[in-house]
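Here the structure is laid out as structure tokens; the discussion comes afterwards.
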Amino acid sequence: WKKLYLAHHWPVTVCKMSANDCQDPPEYWTIHGLWPDKTEECNRTWHFNVTEIKDLLSDMRHYWPDVLHSSLNRTQFWKHEWEKHGTCAATLQVLNSQKKYFGKALELYQHVDLNSCLLKAGIKPSSSYYQMTAIKEALTRFYGVMPKIQCLPPEEGEKAQTIGQIEFCFTKELQLRNCTALKGESNAMQADLKLGTEELSVCSDTLPTYYPSQVQ
């Protein structure tokens, strides 16, 4: 693999996509995962073991919660992320254990600090619409790179898309880089967020964009 995606999702949108037991989703961007591009499930015998990340649990529950299932004791989501993505990221020495993988993802999340950057740019959950170009401009201004932004397309009769996921890309040296494919790279990483029949896709620059503050 060539790059890592640090995916943040907006819990309110995730809940909107699913008829699950979402209760009071956090009103801040949380971690969806840290994904090497183009590889999945690299070592099926390397099973998730929550005791390896016990020092990280309070941060994990706060910043990387299972938005769809409100029980704090559930570790299914992290197990899925480790087995599907972590076992592939582990080819890097800085990510080669469960504690390093989850710890480094939390560190990158704190470093990117997406929540406060959006607030500083005056982009906050609202019932009025944003222009996608304005959101992209603000993010590029802060980070100097272009993240990948995904939305829930408009439902029947709606005119706006709903922002759902923002992915930052990192090199293997864990430096921020643009998410657009470089020459000779294919973008084979499809969103692995498929809930019910709805799924996220890359946001349109022309549709008004809804950044919802609570589940409708």
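Sequential numbering from 1, following the chain as shown.
Yeah, the Cβs are placed from backbone N, Cα and C, and that goes for glycine too.
Feature list (source: TrEMBL):
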type: ACT_SITE; residues: His32; note: active site
type: ACT_SITE; residues: Glu81; note: active site
type: ACT_SITE; residues: His85; note: active site
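All protein chains shown were included, and the count of other CB atoms within 10 Å of the CB of His85 (active site) stands at 24. A gap of 8 Å separates the Cα atoms of His32 (active site) and Glu81 (active site). Proximity of Glu81 (active site) to non-local residues of its own chain (separation of 6 or more, Cβ distance below 8 Å) is seen for Gly33, Leu34, given in sequence order.
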